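Copied over from Swiss-Prot, here are the features:
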type: BINDING; residues: H171, H173, D184; note: Zn(2+) binding site
type: DOMAIN; residues: 100-222; note: domain 'MPN'
type: MOTIF; residues: 171-184; note: motif 'JAMM motif'
Amino acid sequence: MRIADFDPENRPRERFIAHGPAALSSAELLAIVLRTGTRKNNILDTCNTLLSLHGLEALANMNLKELQKTSGIGPSKAMQITAIFELNKRLHYKRNTNRKIQGARDVYEYMQGRVPDETKEHLFVLHLNTKNQITKCEEVTIGTLNASLIHPREVFKAAIRESANAIILVHNHPSGDTEPSNADRQVTNLLKQASAVIQIDLLDHVIIGKTGWYSFRENNQLS
């Protein structure tokens, strides 16, 4: 059935106009953006399939090639979907500019949507001013943390250049398990020693997983 064949009061566009976006399901909102379906499936069916297969959160992180594996999603629609979520991420970043960090929860919330590929480990450095506000988020390395591969110079170089008062290390665990590995502990100790020499405080090292985090400071592993 085509969307045009729906009763007028059940069409997503008409319901949007009458009741606002909050009255629509995620699939209906996506259908309004993508607009047209195929001969076999109307766009609402396609959007329902997308969301039932992947969910909204996973959909936000899919690339163009992955999106096009779903019937009815070609290059143009894949780009539209990607553009929607990219705008949302940019709004999130804008709202969090100069956010004051009071604990690991703030770090976890700030980093939502910032890891480009959650199948790999990414190490980020957050630069903080004297008010503990984030002034910059810098990605330093991609891949498993290893003390022999991470040089303090690379971690502190931008912080020195921008006169950061302190930094926070953040990296993700693709497995979702936030328990630190021996390598994580070695890297933390190495950079803590370097911070004392450089006189830029290492406030915390936060490991983020799918639904939580581990803070070295909050677990008394970083005094």
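Every residue gets a Cβ built from N, Cα and C, even glycine.
Within 8 Å of the centroid of the Cβ atoms of H171, H173, D184, where the record puts Zn(2+), the same chain has further Cβ atoms from E121, L145, N172, T178, P180, S181, I207. When the binding-site residues H171, H173 are compared by the number of other CB atoms within 10 angstroms of each CB, H173 has the fewest.
Counting only same-chain residues at least 6 apart in sequence, those with a Cβ under 8 Å from the Cβ of D184 (Zn(2+) binding site) are L145, H171, H205, I207.
A mean pLDDT of 90 is what the model gives for the domain 'MPN' (100-222).
In the three-state DSSP reading, H171 (Zn(2+) binding site) counts as strand. D184 (Zn(2+) binding site) carries a helical DSSP state (H, G or I).
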